[in-house]
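Heads up, here are the entries from TrEMBL:
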DOMAIN    2-175  domain 'Formyl transferase N-terminal'
BINDING   GLY12, SER13, ASN14  N(1)-(5-phospho-beta-D-ribosyl)glycinamide binding site
BINDING   LYS58, MET83, LYS84, ILE85, ILE86, ASN100  (6R)-10-formyltetrahydrofolate binding site
ACT_SITE  HIS102  active site, proton donor
SITE      ASP138  site 'Raises pKa of active site His'
Amino acid sequence: MKNIAVFASGNGSNFQAIAEKFPVTFVFSDHRDAFVLDRANQLNVKAFAFELKEFASKEAYEQAIVDLLDTHQINLVVLAGYMKIIGKTLLSKYEGKIINIHPSYLPEFPGAHSIKDAWDAGVTASGVTIHWVDSGIDTGEIITQERVERLENDTIDSFEERIHACEHRLYPQVVDSLLKKEN
């Protein structure tokens, strides 16, 4: 049995999509008031939260995360709306074991506001990218991508809903594929 940890900073809809298909060892959030913690409770998944400001440095914060991952023998870290950049302390220990989902067709529109950026640019399509995490921002090796067309009658909200629906379908498929490769 492979142990999965899901990291999220907010709502946790991608966590829920994964947790409904696979056992998740725990959820970690960098916000003590994140809704993902409520979702974890509803799904009977362990949840942990601590914030960077509670630590003397980012290295100390990340070491606490590494200790948590090590304690639970985590094989795969799934970033699902986790809005902190993974630093060298965490990456050096778990490189090749951390994946991220990004709501654009990378390398188009990296960063935190990719759906709005794509909308404002007037693109005819954006998409979803799942990639390995490296030391850059949304620059890791791409595992898979899928285009989401911008429809003529779309609003930014309907466009965003379709992108998230794609994420919720695609991310569990990728997790499943990666877990099968490890066996």
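Cβ from N, Cα, C; glycine included.
Curation plays no part in TrEMBL annotations; they are all automatic predictions.
So where do these features actually land, and what's packed around them?
Less than 8 angstroms from the CB of GLY12 (N(1)-(5-phospho-beta-D-ribosyl)glycinamide binding site) sit VAL27, ALA34, PHE35, VAL36, LEU37, ARG39, ALA40, ALA80, GLY81, each of them six or more residues away in the same chain.
Non-local neighbourhood of LYS58 ((6R)-10-formyltetrahydrofolate binding site): LEU52, GLY87, THR89, each in the same chain, at least six residues away, with C-beta under 8 Å from its C-beta. Reduced to three states, the DSSP call for LYS58 ((6R)-10-formyltetrahydrofolate binding site) is helix.
Sequence-distant neighbours of HIS102 (active site, proton donor) (same chain, six or more apart, CB under 8 Å from its CB) are PRO110, SER114, VAL128, THR129, ILE130, HIS131, ASP138, listed in sequence order.
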Per 10 Å Cβ neighbour count, which of the binding-site residues MET83, ILE85, ILE86 ranks highest?
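Ranked by Cβ atoms within 10 Å, first place goes to ILE86.
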List, in sequence order, the same-chain residues at least six positions removed whose CB sits under 8 Å from that of ASN100 ((6R)-10-formyltetrahydrofolate binding site)?
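In sequence order, LEU79, TYR82, ILE130, HIS131, TRP132, VAL133, ASP138, GLY140 meet the Cβ cut-off.
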Give, as a single whole number between 0 and 100, the mean pLDDT over the domain 'Formyl transferase N-terminal' (2-175).
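Computed over the domain 'Formyl transferase N-terminal' (2-175), the mean pLDDT is 96 on the 0 to 100 scale.
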